[in-house]
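Copied from Swiss-Prot, the annotated features are:
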BINDING   T46, C47, N48, R49, S111, E116, G117, E118, Q122  substrate binding site
ACT_SITE  C47  active site, nucleophile
SITE      H101  site 'Important for activity'
BINDING   G191, T192, G193, A194, Y195, A196  NADP(+) binding site
Amino acid sequence: MLICLTASHHNASFEVLEKLSVAAPSVAGTLMEQNDFIAGAVVLATCNRFEAYLDVEEPLTAARALAVEATVDVVSGASGIARDDVRGSVDVKCGDAVAEHLFAVSSGLESVVVGEGEIAGQVRRALEGARTGGTTSTGLERLFQTASNTSRGVKTRTGLQSAGRSMVRLALDLAESRIADWSATRVLLVGTGAYAGASLAALRDRGVVDVHVYSPSGRAQKFAGPHGIPAVEGRDLLKALAASDMVVTCSTAPTAVLAAHHMQGAAAVSGDGRRRLVIDLGLPRNVDPDVVTVEGVELLDLETISLHAPLRDLTATDDAREIVSTAAAEFRAASAEDEVAPAVVALRTHIFDVLEGELERVRKRGDSSEATEKALRHLVSVLVHKPSVRARELARQGEGARVVDAVQALFGLDVEMPAAVSSPVAVALPRTAEAGQAS
């Protein structure tokens, strides 16, 4: 059973999202350690989203409620947000709704800047992180891999991502009126994570040629070399700030790396009274809001940038939604087929075991030949093929439980029924998207 707890710019404040992002690294591992019924967990944390995807294998009726409560407890403990506030900040999606939601997220349909391309890479890295941490599962692997495939389909078959939309490009759009000449603008890039490359590319597309990079974690040289830009050491940070007209921060540091005293120091070093624009793309925030108390400093943070998100392209969005819906339907069908697989395997194994037993008795009587055995095996394969195909068809129609019941009743086979095939009594959950409902 797949479950997703999601908090985003749609239903949570940036203050809450900032605290949740701090909790992200530890949530999946803690959930797995503390709850045997959770088979897998993947956490996706971006600049406007925190989501926990769970694979719950416990067949109990209350499994969904237990998984939600366990996740809320872990997130509350890791983030410092009161439990009730965490509960009030997340939507819960179960079953079929999970796939459609993630496919839409990975395609950029749920982003602040609809169609932005960075989210696909963030979804991919979330799965890679779960693999590294040993918290993924077969079900989550398929879910996230299908999400990546769906995102690629949206990118190639619609115009949704053709404009190169992203938060950093939107931020630079907003900065346009403050920049007289991009080619003469000196920029300090703070951070070397996944978003740093996109930020550098966006700056270069504007014509920026003077970019230095500083890393709070000391990885500036590693980033600077391949990208052909100078690295800034910690001891030279104030000097680099002083020489900059614009600062773009995209670090994954858990606390602010720039504050008012840094900007005051930079102003003192430069001594020219220049204006500086600081663009903070970090979550949690990389820049203390108190920088605006320094004369000449202007701050664009994620919350401000989000207020200026462009209207979506309705035609491209509708086309993308159609692709997502189709992919989600196919994912549901494939998952349903998997649910009857044990019954189909048990049936085929039973019938072929019976055949082998009969052939063995015939051999002992000396009445067998290679041609006869080959013909009988072919006949049994033909006879088993139709029920196998029909079982998958019924599963796609939501009749998987009937298939399992029939195999057990007619052949006396003990088929272990996967939890996902069962039909437990619905458990009341707050703000929940049940299977089959729109995400």
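FYI, residue positions are counted from 1 along the chain as it appears here.
Keep in mind that glycine also has a Cβ here, set from the backbone N, Cα and C atoms.
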Sparsest-packed among the recorded positions, when each Cβ's other Cβ atoms within 10 Å are tallied, from C47, A194: A194
Residues that sit under 8 angstroms from T192 (NADP(+) binding site) by C-beta distance, when 6+ apart in the chain: V213, S215, S217, R219, A220, K222, F223, S251
Binding-site residues compared (G117, G191, G193) - the one with the fewest other Cβ atoms within 10 Å: G193
Greatest inter-residue Cα distance in Å for the substrate-binding set T46, C47, N48, R49, S111, E116, G117, E118, Q122: 15
Inter-residue C-alpha distance, S111 (substrate binding site) and C47 (active site, nucleophile) (nearest angstrom): 10
Local backbone state of T46 (substrate binding site), from DSSP in three classes: strand
Other CB atoms, at most 10 A from the CB of T46 (substrate binding site): 23
Which of S111, Q122, the listed binding-site residues, has fewest other Cβ atoms within 10 Å: Q122
